[in-house]
Structure formats: structure tokens, C-alpha cells
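J.: My questions all concern the structure below.
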Amino acid sequence: MHSKVVIIGSGPSGHTAAIYLGRAELKPILYEGMLANGIAPGGQLTTTTDVENYPGFPDGILGPSLMEAFRKQSEKYGAQIITDTVSKLDLSKRPFKYCCESNEEVFHTADVVILATGAYARRLNIPGEEIYWQRGISACAVCDGAAPIFRGKPLAVVGGGDSAAEESLFLTRYATKVYLLVRRDKLRASPIMAKRLLHHPKIEILWNTVALESLGDNNLMNCVKIKNVKTQEVSELQVNGLFYAIGHEPATTLVRGQVECDKDGYIITKNGGPETNIKGFFAAGDVQDKKWRQAVTSAGSGCMAGLAAERLLAEEEEMKNIEDS
């Protein structure tokens, strides 16, 4: 099977690209994945409860509901959505070749590929994590920190770098107190961020401390069991939120070694757009965004990728017509 455009990934960036390409009558194919990276089709937002910062929803919207709306809109404008995971992708020449997990014997081709597979937060994998994920445990303070379950409550952040510092400072807007759990006896954060943390009246840093277990009432988390790695003392910290700030992993395994990536595995794009060092291969959303990682910025990135793909195909079609005339 040959397609003009294939989109790999089904988060806001993938579906926004599909909407634009569908409206351009390019009949895009979107592979939404089958539990790719352990996440259901729709990406990270399917694990989020209330989304309060996506424009157009003054009362907020459930993450799965938002992604279902994205999916319906993609289909409405002509995108073909396939629930399968692309397992191999050859970018050595165009048209690009790929195959899926359901049948790795059969290869398909595409003139243009948009990779929108996102990134996933690193987890601690402690007892209670699965029970209280999005019920007290989160990997995004900016996304979830203002939620009612966290407002006016003591909260904890895990990490020691700039991301942990930023998340802790952000949470002070809503929390009565923020505990920062740092595994070592010093911060990895930049000096200016460390200074802000150390002098903030709402923030207490617990040095040499790791989280062992999250506890609660089987509905919401209300406590974290912690351990001092130097003294071996184990205690319970009464907090209603535990935020992970220990980094993200971009889902770029499919193309590593083929396309230019940075040291952390994020795809390098040109001039803030979706173009990569390979003509016809575009990256959108969190696979190339290690800074913002928001649903709305991801959607905007997908828009750029869709428009760039449409423009490239139109230019190539025009050149072909000139050569044939």
C-alpha cells in the first residue's frame, strides 16, 4: 500500500496534522498505535482527568473526551485511522518504507511521514503508583497543579534539577506547602533556581530522600512513604500530591540512528518548525519539544507539520508537471 502522507502517533499533534491534511484532500493515514509505549491511542491526555488549560473549554474537559473529539474531527475530514503500531521505518530513501506490528512481513510506502509519537514521563515504579496515577500522582505540575484535589493542600515534588525547581515554584501558587524530595545532598538545578528554592517560605527541601510508596484511601492519595538514604530512616509524609520531575523519554526509538537527534533523543527540527534533516520526514509535538510539552503547543506543532507536508507535496507535484510538459 502506498500513501502520500502517513502520520505516526495519535496525540494532539498527530490529529491536528491529520485534520489539516484531510481538509487538503490528501487522504492521510494515521497510525494511532496499539498501546505504543504502554499508552493507549490518544497519547498522554488519555491518562489525564480534567484538562483546564486547553482553549475553548471554560469548564475544562476530560482528557479522554478531548482526544475522542480530536479523533472524530480527523475522521470527519478524511483521515484514515488505523489502530496498529508502526514497528519499522526506513528513512534511507523516498518513498519511505514501513511496516506494522500486526504484520511485519508486509512493507508499505509513503511520500511523506510525520512522526508524532510524543514523549512519556519517567516513573518511579513504586508501590501504589498505578493506583494513584492521576489521583494524586502526576508528571506535570503545569498541567495538573491547579486541580481542586491539589489546591490548598501540602504537595511533594521528586527531583533535583531545573524542572523540579520550576514545578516546585509553580505549585506554591496553590499548595499550603511544597516538599522537594532530593536523592542527593545537593541540587542539580542552576544556581539561580536553587537560590529561589532555598529562600521560598513555602518550600522545604528534604535532602537524601527518596519516595518508597504512595498511600491513600484507594480513591485519592494522601501520604507518601519516604526514606532517608543516609540514615535509612523511613517515615510518612502527609501530602495530597506527588509530582514527578525526573525527566521525559521521547518516543523516538523508531528513527534513532536515521534522523538527527539531540543527546536526549529528541528530534532536532529546523528554525522552530517541523522540518528535520531528512526531506519529507517531519516531527511534531513532544518528540521534538523538550521545553513546553503542553497539549496546545503540541497541536500547534501538528498544524505546522500538516501545512509543511501539504506544501512540500504541492511543490513536488508542480515540479513533476513541469518536467512532464
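The backbone N, Cα and C atoms fix where each Cβ goes, glycine too.
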J.: Looking at the disulfide bonds in Swiss-Prot, identify which of C100, C140 pairs up with C143.
T.: C140
J.: Just the number: how many Å between the Cα atoms of Q44 (FAD binding site) and C140 (disulfide bond)?
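T.: Cα-Cα, rounded: 11 Å.
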J.: Between the recorded positions V86, C140, C143, where is the Cβ count within 10 Å the lowest?
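T.: Each of the recorded positions V86, C140, C143 was scored by Cβ atoms within 10 Å; lowest is C140.
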J.: At the Cα level, what's the spacing in Å between Q294 (FAD binding site) and C140 (disulfide bond), rounded?
T.: 9
J.: Judged by the number of other CB atoms within 10 angstroms, which among S10, Q44, Q294 is the least packed of the binding-site residues?
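T.: Ranked by other Cβ atoms within 10 Å, the binding-site residues S10, Q44, Q294 bottom out at Q294.
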J.: How many Å separate the Cα atoms of C143 (disulfide bond) and D286 (FAD binding site)?
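T.: Just about 15 Å between their Cα atoms.
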J.: Could you state the whole-number distance in Å separating the C-alpha atoms of D286 (FAD binding site) and C140 (disulfide bond)?
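T.: Rounded to a whole number, the Cα-Cα distance is 14 Å.
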